[in-house]
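So that you can see what the record holds, here are the features copied from Swiss-Prot:
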- 1-27: topological domain 'Cytoplasmic' (TOPO_DOM)
- 28-50: transmembrane segment (TRANSMEM)
- 51-80: topological domain 'Periplasmic' (TOPO_DOM)
- 78-306: domain 'ABC transmembrane type-1' (DOMAIN)
- 81-103: transmembrane segment (TRANSMEM)
- 104-114: topological domain 'Cytoplasmic' (TOPO_DOM)
- 115-137: transmembrane segment (TRANSMEM)
- 138-168: topological domain 'Periplasmic' (TOPO_DOM)
- 169-191: transmembrane segment (TRANSMEM)
- 192-229: topological domain 'Cytoplasmic' (TOPO_DOM)
- 230-252: transmembrane segment (TRANSMEM)
- 253-287: topological domain 'Periplasmic' (TOPO_DOM)
- 288-310: transmembrane segment (TRANSMEM)
- 311-320: topological domain 'Cytoplasmic' (TOPO_DOM)
Amino acid sequence: MLRRKTQAETNRLNHHIIELLFRQTTRFFAIFVFLLLAAVMTSLVFGSWDSFSTFGFSFLWHNDWNPVQESYGAIIPIVGTLITSFLALIIAVPISFGIAIFLTELAPEWLRRPVGTAIEMLAAIPSIIYGMWGLFIFVPLFQEHIQPSLIEWFGDLPVFSYLFSGAPFGIGLFTAGLVLAIMIIPFIAAVMRDVFTIVPAILKESAYGLGSTTWEVMWKVVLPYTKTGVVGGIMLGLGRALGETMAVTFVIGNAFHLPESLFSPSTSIASAIANEFNEASGLQKSALMELGLILFLITTVVLSISRLLIMRIEKKEGRK
């Protein structure tokens, strides 16, 4: 009897120790995330301190990048990053929405799995493959056919004459934005497909029963029900586009001058760092570190805005 009681107390103590160890371990893992973010932020701040102390906040809008004279500014990479990322979103979001509608509402059962698998495979392709594909396929195609046609069609229109003008190099912001769009389509489409499938069938069946078309059901029933998930998927794609390096480096042109049109060669923050960091030293290396810090802050701001937008949508839905 005494031995059985002692054994029970020992088992209870062992369970308590295991539970305590489990709780502390998971707590450490959670804290480790914040420590990792703090470490990245600290290293970027210390690495960019020389550049910040030399140029101050003028680094943000200065458009010169001259290693010989040690004069650096971030506005050109910032503009290139934002233009290519938002251009990619403009192209990718409608296509992703169409793919998600097809997979959830229109595709026959035998076709849904192969198409879904193909989307997942596209998401798994390394970015350097997209970059090589863009350089050897898109660039000649754009240079010889697409860009000359766009210049001919839109060159005389008031607004489009600025967007589609200049020499048809093939490489440039437009090509980089298109390659980025192809890269982020699988991510956005997969998220939209998943959130569309959680809509209760009775809502869609009721709408169809009232005579609604597929477009009306998606626009007035499915999309309002899944707004939060759709916004999250779009922001996931934007975050992917902002930080993309290799694919953009292949096709953007890597030129440090402000773009005159969408066809102009330019550069992005990630491309500038990838091209120059290995050979940089002194103030140039510090300027590249500050570019990295700016990219870190941009992605943080985008993530924060997306979270606030999602919270606002959820709060508004809660009032209904």
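Here the Cβ of each residue, glycine as well, is placed from N, Cα and C on the backbone.
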With the cut-off at Cβ under 8 Å and a gap of six or more residues from its ends, the chain residues touching the transmembrane segment (230-252) are 80-81, 84-86, 88-89, 92-93, 96, 126-128, 130-132, 134-135, 138-139, 171-173, 175-176, 179-180, 183-185, 187-188, 190-192, 195, 223, 265-268, 270-271, 273-275, 295, 298-299, 302-303, 306, 309-310, 313
Can you say which of 28-50, 81-103, 115-137, 288-310 has the most Cβ pairs under 8 Å with the transmembrane segment (169-191)? 81-103
By DSSP, how many residues in the topological domain 'Cytoplasmic' (192-229) are helix, how many strand, and how many coil? 29 helix, 0 strand, 9 coil
Checked against DSSP, the composition of the topological domain 'Periplasmic' (51-80) is 16 helix, 4 strand, 10 coil
With DSSP as the reference, give the number of residues of the topological domain 'Periplasmic' (138-168) in helix, strand and coil. 21 helix, 0 strand, 10 coil
